[in-house]
């Protein structure tokens, strides 16, 4: 007798059949997205000056890459520029594709200039399980000042956003601009030779335009229809500055950060650090008969800093007056440049959106680390010919290790080939000495706390190990907000605040959010403060964690995690592709 429709065996068969159908449908829905990036020189004019920059496909900013959750991307990069180049896919998890992550001398050697061997490389990676706004950028020298673009990952066909569907969207890339007499590579080179800070940019940009002229010639324009709701996709591609972002007479609902959905957060100002992205809904319902400035302004977390800049774009309604000369333009009221209270209120108010079937915070912790970081002083290198050898060279460190990139082989290649002499697996779990990290007066009286040494030391992790890291900012040579980016993973932000973490934890003044913390790939650790992050090391490879203030990476404000293979083939990193760039 055949089993009834309600029997256990039939239900199991139906469930298995349904799962197979869903899996097959997901495969059908997934696509292969292909692009070719030609990197080369481009002459542009900004602020009344013609300048040669490095760009992709003759565009600044570079081309927008669009995909859907589950797609595979193949991006062939051809280097026609005079410089070594790599491309990093910022925020892409690179599951089992660490060879495509992109940081020079970490996961690959650079793509060489010219037309010979090693002058092109195809980045191959999948974006299953990711949705939202990410971006791509050069990961060599200061080239990312002009070599960058948006990477948008939409839900699978037929899958809605977990927020009200917008009528349309605008992608806004926020950047910096140098009117350099030489090139940006020379700006970094000069800083290296002197052992000091690089020259400041002269302007901020929105989609490559500074928007400083009242004639609006060099200004990005946004068109909106009254009554519609728009998804603003914001990317901070600036090299060295966090930014306040506002639109005059408009408010936002933040729905995602770093391509991770959040609970809706209502605000009139967005704070965004270099490397971070924000997705926010904006309703176009302002008063008619006006136009509205969109503004991105420097947020200075350094005490006594005076440098400020603002970029502007222009928001126009479809029904505004045709006579622009008679139209009132409204400007947003921006925070003061050092308004850390507004910054921390924004960052501290975000929580993660809980969704059925999606990962939650790992409750067990296998490894706990305390990573202190900040600026430091190191002896001048022989090649630093303009460095003051009495004073020393400006440096930076994590747990008093100033990270040095290898010169002959990438860290990932060295790890996989078990090559010796390239790096060591002994990055410390704690700083060499515990002190009152944020007491500037005490710290800067102790010269021993300012001196660091170079090293290429990484932290080895077992596959699937859960790691909790206390990121403690220090007051050595000043306090500022360092945005730290972790490659290869999203992490949960369990808590963040100002002061000395260990003093506060002893006083039981810290409460970790283990229910719905925000997820990120880049965290702006508060000036003179700390953050607690947690992630699971379920992605084999070598993954950089570094400050996304571009000047601080060559100073040494970085470290790396070397994650071992898992026990099964689907948890093991495949060999490098055939066109993997040689050193």
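Note: Cβ is positioned from N, Cα and C throughout, glycine not excepted.
Look at Swiss-Prot and you will find 1-30 tagged as signal peptide.
For 38-158, the entry in Swiss-Prot reads domain 'Plastocyanin-like 1'.
For residue 41 (N-linked glycosylation site), the same-chain residues lying six or more positions away in sequence with a CB closer than 8 A to its CB are 52, 53, 54, 55, 81, 82. Per Swiss-Prot, the feature N-linked glycosylation site maps to 41 (among others).
What Swiss-Prot lists as N-linked glycosylation site is 84 (among others). Sequence-distant contacts (6 or more apart, same chain, Cβ under 8 Å) of residue 84 (N-linked glycosylation site) comprise 104, 110, 111, 112, 113, 140, 141. Secondary structure from DSSP puts residue 84 (N-linked glycosylation site) in coil.
DSSP assigns residue 485 (Cu cation 1 binding site) to a strand. If you look up Swiss-Prot, you'll see 88, 485 marked as Cu cation 1 binding site.
Less than 8 angstroms from the CB of residue 126 (N-linked glycosylation site) sit 70, 71, 72, 73, 95, 97, each of them six or more residues away in the same chain. Per Swiss-Prot, N-linked glycosylation site is recorded for 126 (among others).
Cβ neighbours of residue 546 (Cu cation 3 binding site) (same chain, under 8 Å, six or more residues apart in sequence): 403, 484, 485, 552, 553, 557, 558, 559. According to Swiss-Prot, the feature Cu cation 3 binding site maps to 139, 487, 546, an assignment based on similarity to another entry.
Per Swiss-Prot, the feature domain 'Plastocyanin-like 2' maps to 168-320.
What Swiss-Prot lists as N-linked glycosylation site is 179 (among others). Annotation note: residue 179 (N-linked glycosylation site) sits in a coil segment as assigned by DSSP.
The N-linked glycosylation site annotation in Swiss-Prot covers 251 (among others). Under the DSSP three-state reduction, residue 251 (N-linked glycosylation site) is assigned to coil, being neither helix nor strand. Shown in sequence order, 266, 267, 268, 282, 283 are the residues of the chain, 6+ apart in sequence, with a C-beta less than 8 angstroms from the C-beta of residue 251 (N-linked glycosylation site).
Per Swiss-Prot, N-linked glycosylation site is recorded for 304 (among others), and the stated evidence type is sequence analysis. Taking the Cβ of residue 304 (N-linked glycosylation site) as centre and 10 Å as the limit, one finds 7 other Cβ atoms among all the protein chains shown. In the three-state DSSP assignment, the secondary structure recorded for residue 304 (N-linked glycosylation site) is coil.
DSSP gives residue 338 (N-linked glycosylation site) a coil state; it is part of no helix or strand. The feature N-linked glycosylation site is assigned by Swiss-Prot to 338 (among others), with sequence analysis given as support.
For residue 388 (N-linked glycosylation site), the number of other Cβ atoms no farther than 10 Å from its own Cβ, over all displayed protein chains, is 12. Residue 388 (N-linked glycosylation site) carries neither a helix nor a strand DSSP state and counts as coil. The N-linked glycosylation site annotation in Swiss-Prot covers 388 (among others).
Look at Swiss-Prot and you will find 400 (among others) tagged as N-linked glycosylation site. Using a 10 Å radius centred on the Cβ of residue 400 (N-linked glycosylation site) and all shown protein chains, the other Cβ atoms total 19. In the three-state DSSP reading, residue 400 (N-linked glycosylation site) counts as coil.
Among the features that Swiss-Prot reports, N-linked glycosylation site is placed at 446 (among others), with the record citing sequence analysis. For residue 446 (N-linked glycosylation site), the number of other Cβ atoms no farther than 10 Å from its own Cβ, over all displayed protein chains, is 11. Under the three-state DSSP scheme, residue 446 (N-linked glycosylation site) falls in the coil class.
According to DSSP, residue 464 (N-linked glycosylation site) sits in a coil region rather than a helix or strand. The N-linked glycosylation site annotation in Swiss-Prot covers 464 (among others), and the record cites sequence analysis as its basis.
A separation of roughly 38 Å, to the nearest angstrom, links the Cα atoms of residue 446 (N-linked glycosylation site) and residue 88 (Cu cation 1 binding site). Residue 547 (Cu cation 4 binding site) carries a strand DSSP state (E or B). Residue 304 (N-linked glycosylation site) sits 17 Å from residue 482 (Cu cation 4 binding site), counting Cα to Cα.
Taking the Cβ of residue 88 (Cu cation 1 binding site) as centre and 10 Å as the limit, one finds 27 other Cβ atoms among all the protein chains shown.
The recorded positions recorded for this entry are 88, 388, 400, 464, and the Cα of 88 lies nearest to that of residue 487 (Cu cation 3 binding site). On the backbone, the CA of residue 88 (Cu cation 1 binding site) and the CA of residue 139 (Cu cation 3 binding site) stand 6 Å apart.
In sequence order, 373, 396, 483, 484, 546, 548, 549, 553, 555, 557 are the same-chain residues whose CB sits within 8 A of the CB centroid of 482, 547, 552, the residues recorded for Cu cation 4 being left out.
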